[in-house]
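A.B. asks: Just passing along the structure, written as structure tokens.
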Amino acid sequence: MKGSLVRGATTDDARLLHTVKPLRRTIFNRVFAAIYAPAILTLLYYHAKTLIFSATLVSFSATLALLFSDLVLAFMWVTTQTFRICPVYRKQFPENVEKILKRSDFPALDVFVCTADPYKEPPIGVVNTALAVLAYDYPAEKISVYVSDDGGSALTLFAFMEAAKFATHWLPFCKKNNILERSPEAYFGSNHPCTSESEKIKMIYESMKVKVEHVLERGTVGDQYITSDQEREAFNKWSSNFTRQDHPAVIQVLLDASKDKDVDGYLMPNLIYISREKNKSSPHHFKAGALNALLRVSGSMTNAPIVLALDCDFRSNDPRTPLRVLCYLCDPATPPDLAFVQFPQLFQGINKSDIYNAEYKRLFQINMLGFDGVSGPNYIGTGCFFRRRSFFGCPTSLISPEIPELAPDYVVDKPIQSQSILSLAHRVASCDYENQTSWGSKMGLRYGSLVEDYYTGFRLHCEGWKSVFCNPERPAFFGDVPTSLIDALNQQKRWAVGLLEVAFSKYSPATYGVRRMGPLMGLGYAQVAFWPIWSIPITTYAFLPQLALLNKVYIFPKVSEPWFFLYAFLFLGAYGQDYIDFILAGGSVQRWWSDQRFWIARGLTSYFFGSIEFFLGCLGISASGFTVTSKAVDAEQSKRYDQGIFEFGVHSPMFVSLTSAAIINLIAFSQGLVEVFRGNNLEGLFVQMLISGFAVVNSLPIYEAIALRNDSGKMPIKTTITATLLAGAVYAASSFIFM
């Protein structure tokens, strides 16, 4: 979709809603690909020739391993080119929306916020996310915020009861003062104007925050925190359901747009708390199941045509964001097959070097521009505005839900607190409601993968839906980043398992996706789905050249041979283009270095162990689970993160593999230097020493954590000993093989 309100209109047109233009680097990308592709084919020819004429079993095995690894690299390079063929940039003009559409005619908006664990996802953070969208610069009566508490926690319920009271002060304060940062935590933590009114609101907020944090620390809600008999009676009634492990659905309207008013006498948006029914005998489908329950509950209560899905730590940074969405969804020139508008995931609190690559610039920004030039970006789990209609079949064929009240065009004509509405909402939130229905297969979020966002976006595109990437100068949303290395790696491991579930399913993007969407979109989705196979070449190049060097076996061309220059071109070309992409996307040299270093680390840890977990699961040996990434912050850990110091601290098999690779590379590089000092010819050693040296430089934080640190984030002794023994065992085995 590349239109605007008036086709052929210029940017001076007062009624223009959006524009799109190709990026300037497109021609360079295509020319470079035409040069780089023959070089890859030449390398594969070199491997094949070497393999055929191998004189020994060792030479044959080493060449075969390199050939297979380079085939994987070639496949990933080809799929990556889909993002470089026709990237585009879009611009919106939200100031023009009200020139073509009255505010009273704005479509209603349902917002979904999901949380699952009050200790890993502190309620005060979830409250800030909800308050920021409640305060959108949008007609209050059009906004309904649904909070899904999959942890079924009385602590979260209490936090939102307090938030509802604070909202009556916060919303009018934001609108009167035209505040941009409408998350209270972000606003009061910024350099905001200090007035008597702002100080009063800050005191109210701090009072609420202290209450919520005290309750979380105690693990229970005492009577002293509930100020009225009516509130105490209501809270006890709702929270009594949470005392059972298998609890019924809890749905409570905390703010009602038809009657609840703020301190200035204006109506408030709707705020609804939901904890769906839980039962051990029924599958819950994790976040996808929670979102489908929200789709049904919201459909029965408000049924807004636009749905915003947000992670609990993903706070709004621009109150006019919905107007940017209307630039597309309310543009008469927009085709009816537009399913969603996706905003990038951007993060606050990232340290200067982004040591854990929390920014994911390629995934959340660079690749999105490339997707947007074809059929649109994939859904990335948060910051996404959907047409509700897109969850009910392809653009040309509506799949009618099992009851008419859930149809996307159904008009709710009763108050949300009426008995019939609440009764229906409880019914569709029950754990057995989806039995014998199309939910999760043809309707709603799709089941079958731990990465429900990627899989759902993929299936929607396969059905013929389109999407748009909206990346304004002022970020629409900001999220939180993990400040612990193990949290970052565990999150990536979960993604790896989920992506492989899609890659090796009957809906594989490499086959099904290419047939349904065409080669560009299909291969683009395949590039992401097969991410975990990066572990094959990364692991191969992290161990094979080094072990061969230790055994004085040279497996790469000499510097004086022409084939060496092929290797040099491929290496420098790949890294050089990646560097250019990163810098042009607003990155820094330091963060690019962290990005490539963490890519290697993921290959040896998250991707490697995620692949093992997936294939063992296929054999029925183990099953994938879902672990919530912690958003709780430890003060000392946070301080080290801000200083750019890696956080190890706990023993993990992933740290063992990472440390073993670091040890072997250090020993191999040292052995190479010894050989050079002994007068041996550097020509044969050079490539293997270069790879080992490159790995050593990338491993400096590991060596520091082993030998130079005494804080609680250092490498555990158990991990160091285990990794050393493993490295010794691998070297001993290689000595036997290379004999």
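Every residue gets a Cβ built from N, Cα and C, even glycine.
Just so you know, TrEMBL annotations never went through curation; they're auto-generated.
Pulled from TrEMBL, these are the listed features:
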TRANSMEM  27-46  transmembrane segment
TRANSMEM  52-78  transmembrane segment
TRANSMEM  523-544  transmembrane segment
TRANSMEM  564-586  transmembrane segment
TRANSMEM  607-628  transmembrane segment
TRANSMEM  648-670  transmembrane segment
TRANSMEM  682-703  transmembrane segment
TRANSMEM  715-738  transmembrane segment
A.B. asks: State the non-local partners of the transmembrane segment (715-738) in its own chain: residues 6+ outside its ends, Cβ under 8 Å from one of its Cβ atoms.
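C.D. replies: Same-chain contacts beyond the ends: 58, 61, 543, 547-548, 550-551, 553, 648-652, 655-660, 663-664, 667, 702, 705-706, 709.
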A.B. asks: Which one of these stretches, 27-46, 564-586, 648-670, 682-703, has the most C-beta pairs shorter than 8 Å to the transmembrane segment (523-544)?
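C.D. replies: Answer is 648-670, with the largest number of Cβ pairs below 8 Å.
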A.B. asks: Which residues of the same chain, at least 6 past either end of the transmembrane segment (564-586), have a Cβ under 8 Å from a Cβ in it?
C.D. replies: 25, 29, 32, 36, 39-40, 42-43, 46, 77, 361-362, 365-366, 556-558, 592, 595-596, 686-687
A.B. asks: Can you name the far-off residues of the same chain, 6+ from the ends of the transmembrane segment (648-670), with a Cβ under 8 Å from a Cβ of it?
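C.D. replies: Long-range Cβ neighbours of the transmembrane segment (648-670): 484-486, 489, 493, 542-543, 545-547, 549-550, 601, 604-606, 608-609, 637, 688-689, 692-693, 695-696, 699, 702-703, 705-706, 712-716, 718-720, 722-724, 726-727, 730-731.
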A.B. asks: Report, as numbers and ranges, which residues of the same chain sit near the transmembrane segment (52-78): CB under 8 Å and 6 or more residues beyond its ends.
C.D. replies: 36-37, 40, 43-44, 523, 527, 530, 533-534, 536-537, 540-541, 544, 548, 553, 555, 574, 737-738
